[in-house]
């Protein structure tokens, strides 16, 4: 098995590569010409071989002395009890009853660790419990940590309540508490309330900090208030009287915003402006830029720029590149990048595995897809329904319906419940094989499971009947869409027209579409149009809406990852003012 990896790792010369002798007169000496471009070289053996760094080892903890060991083990014990029970209050109350008291250091250590783990619900629960204890001196910094926790959770009611208690206790609002309240409204979807707090801070104080600006930009972007985000950013950028200038996190958020808004040119200009202003560009910056490119060459170019900038790619970077190659049906390159990721010591996520699996499944490369599927289990990532459905697609695209049927049964045996996409995948396979009986068998099985069909499945069945010369049945399934509460889209209408083979069929199709208030002036000139458009690619692409759904899922995944990374970077600036314990 051969794969391709980064040219930067290549020690062989380009042009000629020594390979095992081939049964060909043109390569009797085992020398073949290999044309290479970009960042590739040929590597053989050991596809997805396990790396040492992926072997789970027990961590060894070294303590300064016996006191530190006892202290840390005690709050680890408390953390485990809280996580296992799911209730901090019950554990803390039990500890209090058993030992009469809970050492402050134990509570502090536990809260700090939960805060580091971003388990804000536990932090909030502990603080609320502490506030009710008469032996605990609930300080201003405790209030600030509590309102911060509510901010992270998007609990604006809780944040408002804490702010009121702070005022009652004589603690004036400060930039941290106001920013936390603003974040709570933003995460709670109350974008106008968040903006109102920000505008009030601008006018009456306390003066917004860099973190405040990071949060309001993030809030505007999440709320699709793009013009407001642009206005705030431009003022920071160009106003000489501005108290501060945009930092890396703000630039990253704007690049991400332009991606979300579809303004690719503005995103590129913002990226260039970062360098001009001397703002450091990070891996997150490049990930944001890669995330909206659809052409694999562009994604690869940005990835190479990132490497030339001596920035280390993370799992999102690799997943973006694998996804781009997979969508372009460049399976070797997708595998190469995955191998490169493993060689770089970056642990793949389940989503990264699913993306690589998808790259092979699209082209029906069953053996390669099976290797990826097995590797997931080996690396302790239990395949989810998405993984199983994608593996099923590999069999379908390889026209191996016997293998697909066996794998479908295995999916159920492994304790997973097929969903509408899973059924749509196997129905599509039988439709490609023109096996109407199996198509209907799977359809009835799906209905018996209480799963409603989507438009993709109904169109697939419609086409299967139409291609089998059963235009009346195709019309029935077109009508079935409306009876199922689905409005046939233009794609479905075009396919119905394409299935009309006779003049009588064309009249029926036109009349049916006119009932849907569609004016159809001309049918296709010939009924060979589907063949001219490449049946195996174009029409299947029309029918294969689950591929479109996968692309949307991938896009959402990368959006989430980039936004999460921006969020984590932003939080670094609040650590110091919020170190309350």
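Just so you know, the numbers here start at 1 and follow the chain as drawn.
Even glycines carry a Cβ here, placed using N, Cα and C.
Keep in mind the model is a prediction, meaning the values are calculated, not measured.
Among the features that TrEMBL reports, compositional bias 'Acidic residues' is placed at 529-557.
Per TrEMBL, the feature region 'Disordered' maps to 524-557.
When the repeat 'PPR' (139-173) is classified with DSSP, helix, strand and coil residues number 27 helix, 0 strand, 8 coil. According to TrEMBL, the feature repeat 'PPR' maps to 139-173 (among others).
In the repeat 'PPR' (174-208), helix, strand and coil residues by DSSP number 27 helix, 0 strand, 8 coil. Taken from TrEMBL, the feature repeat 'PPR' applies to 174-208 (among others).
Taken from TrEMBL, the feature repeat 'PPR' applies to 209-243 (among others).
As annotated by TrEMBL, repeat 'PPR' applies to 247-281 (among others). Secondary structure of the repeat 'PPR' (247-281), assigned with DSSP and counted as helix (H, G, I), strand (E, B) and coil, comes to 27 helix, 0 strand, 8 coil.
Here TrEMBL flags 314-348 (among others) as repeat 'PPR'.
Sequence annotations record features per position, and here TrEMBL assigns repeat 'PPR' to 349-383 (among others).
For 384-418 (among others), the entry in TrEMBL reads repeat 'PPR'. If you look at the repeat 'PPR' (384-418), the same-chain residues 6 or more away from its ends with a CB under 8 A from one of its CBs are 350, 353-354, 357-358, 360-366, 369-370, 373, 376, 425-426, 428-430, 432-433, 435, 438, 446, 449, 451, 550, 553.
The average per-residue pLDDT of the prediction over the repeat 'PPR' (419-453) is 93, rounded to a whole number. The repeat 'PPR' annotation in TrEMBL covers 419-453 (among others).
The repeat 'PPR' feature in TrEMBL is assigned to 454-488 (among others). Secondary structure by DSSP for the repeat 'PPR' (454-488): 26 helix, 0 strand, 9 coil.
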Could you give the number of helix, strand and coil residues in the repeat 'PPR' (209-243) as assigned by DSSP?
26 helix, 0 strand, 9 coil
With DSSP as the reference, give the number of residues of the repeat 'PPR' (314-348) in helix, strand and coil.
26 helix, 0 strand, 9 coil
